[in-house]
Every structure is written in structure tokens, then in C-alpha cells.
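Student: Okay, these came from Swiss-Prot:
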- Y156: active site, proton acceptor (ACT_SITE)
- 11-35: NADP(+) binding site (BINDING)
- S143: substrate binding site (BINDING)
Amino acid sequence: MTALTAQVALVTGASRGIGKATALALAATGMKVVVNYAQSSTAADAVVAEIIANGGEAIAVQANVANADEVDQLIKTTLDKFSRIDVLVNNAGITRDTLLLRMKLEDWQAVIDLNLTGVFLCTKAVSKLMLKQKSGRIINITSVAGMMGNPGQANYSAAKAGVIGFTKTVAKELASRGVTVNAVAPGFIATDMTENLNAEPILQFIPLARYGQPEEVAGTIRFLATDPAAAYITGQTFNVDGGMVMF
């Protein structure tokens, strides 16, 4: 048994898009994977079935990560099945796009609750386990919108900027116990979140002149989650954006 085949990854929002690609990528390394989903059990079960068909081990667990009680149950179910959590990928997220002056409070709050508070709840719960294990890797999915802003996404941009600050702070708090915390910031990725956008004006701001693929984001996550070379990386944000944001 290799080290990875004994490890367990929890991926939130893993029934589609980047989350699905990440669950499949981590399972391909031999890790056991918990496929979290909020609504579509059919899609989540399909991800689990694909992992099992490829020789891996996975379960699907429903939970709204913005709800503290449901997060607690998600962690309990994971531990009942696999006894440990070595990797947490905080991927679950939503958009409620509209200009600031048209944005309703519920549109603001729904995005903040899931995209930021959900990261807090899952990270806090899993950190307790990782501190006892004296090891663990947490990867938070943020966005280039959290760095550069995006009209019509004040709620989303604020939440994703918050994730970056949260990542840096928690990385400092957990580092002494061997737990790394990093963020991955996708740009425009070919998922259902972008399929209805007019690509032409967007591509003008992407030096590589194309949308990214979920698997390209998942590759960066897989590196941070599993590669020994990532053990000395913490508190960083990795852009996977075709060159949109350069510092």
C-alpha cells in the first residue's frame, strides 16, 4: 500500500465542473474520495461510479456547506466510512450576478454564505482532525475575480477575495503542525458557469486566447494535494487563468 492509497480527500461541490475533475484526478492517484454535492445526487453518483469503474474508491455525501450542522454531518459520514481526512478541497460555490445597485440582500448573502462561510466551516471542522494527524493539505478554490474584480459580481468577488485572505491567515495558524493551506484561482474555465457568456470580448483579455479546461485546474489542485514537492508550499494563491492576471 502506497501513502496515497491510504489517504482520503474530501472535495466539496464535486458533482460537476472543476469539482468533478478534481475528484477524478485525486482518485486517479489512488486516494479515496468523498464527493460532496448540494442537490444533484444523480450527477454525484455518476462521478462515484466513474471512480469505481476506474478501480478507485469513493462515496457521495449530500451537504450544504453553508450550513454548520450539515458540515458536521458531512465530516461524521466521512470519518465513519474512511476514519481520516488528509486533503480538503473547498470548491463548492455559486453565483448570483447582477450590478450592485440591483443586487438584493439575499443575492449578496447567498453567495457570501456558500462561497466564503462554507470555506470557513469546512476548514475549521477538518483542521481539528489534521492538527491531530500532524499532516494535511487544504486547497481553497478562489477566482481571479477576487483579485481584479468583475462588474456584476460584487458578491462573488468579495467572497473570493475573502477566501484569499482566509487562506493566508489559516496557513500561518496551521503551519507549525505540518498542515499546508493554499488557494487556486481559476480564470474563465469551460464549465456551466461560463457556457452562456459571450466569449469573444473575454478572450481579448486572456493572453492564451481560450477558456481553460476543468482538468487543467484539477492538475494544479492535484499537485498541491498529493505531490511531495508541494510540502514546502503554503499560504500561496496559484492562478490558472491563461495569463489574465500577472503581477
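Using N, Cα and C of the backbone, Cβ positions are placed for all residues, glycine too.
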Student: Starting from each candidate's C-beta and looking 10 angstroms out, tell me which of the binding-site residues V11, A27, M31, V35 has the most other C-beta atoms.
Tutor: V11
Student: Looking only at DSSP and grouping its letters into three states, which state does A27 (NADP(+) binding site) belong to?
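Tutor: A27 (NADP(+) binding site) sits in a helix per DSSP.
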Student: If I take the alpha carbons of A23 (NADP(+) binding site) and the residue listed as 'substrate binding site', what is the distance between them in whole Å?
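Tutor: A23 (NADP(+) binding site) and the residue listed as 'substrate binding site' have their Cα atoms 19 Å apart.
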Student: Which of these binding-site residues has the least crowded Cβ, counting other Cβ atoms within 10 Å: S15, S143?
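Tutor: Relative to the other binding-site residues in S15, S143, S15 has the fewest Cβ atoms within 10 Å.
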Student: With H, G and I counted as helix, E and B as strand and the rest as coil, say where DSSP puts V11 (NADP(+) binding site).
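Tutor: The residue in question, V11 (NADP(+) binding site), is strand (DSSP, three-state).
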Student: Can you tell me the three-state DSSP label for S143 (substrate binding site)?
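Tutor: Once the DSSP labels are grouped into three classes, S143 (substrate binding site) ends up as coil.
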Student: Taking the Cα of the residue listed as 'active site, proton acceptor' as the centre, which of the binding-site residues listed as V11, S15, G19, A27, M31, V35 lie within 10 Å of it?
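Tutor: Near the residue listed as 'active site, proton acceptor' by Cα: none of them.
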Student: May I ask you to report the DSSP-based helix, strand or coil state of Y156 (active site, proton acceptor)?
Tutor: helix
Student: Measure the Cβ-based neighbour count of A23 (NADP(+) binding site), defined as the other Cβ atoms within 10 Å of its Cβ.
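Tutor: Excluding its own Cβ, the number within 10 Å is 32.
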Student: Roughly how many angstrom lie between the C-alpha atoms of A27 (NADP(+) binding site) and the residue listed as 'substrate binding site'?
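Tutor: Their Cα atoms are separated by 24 Å.
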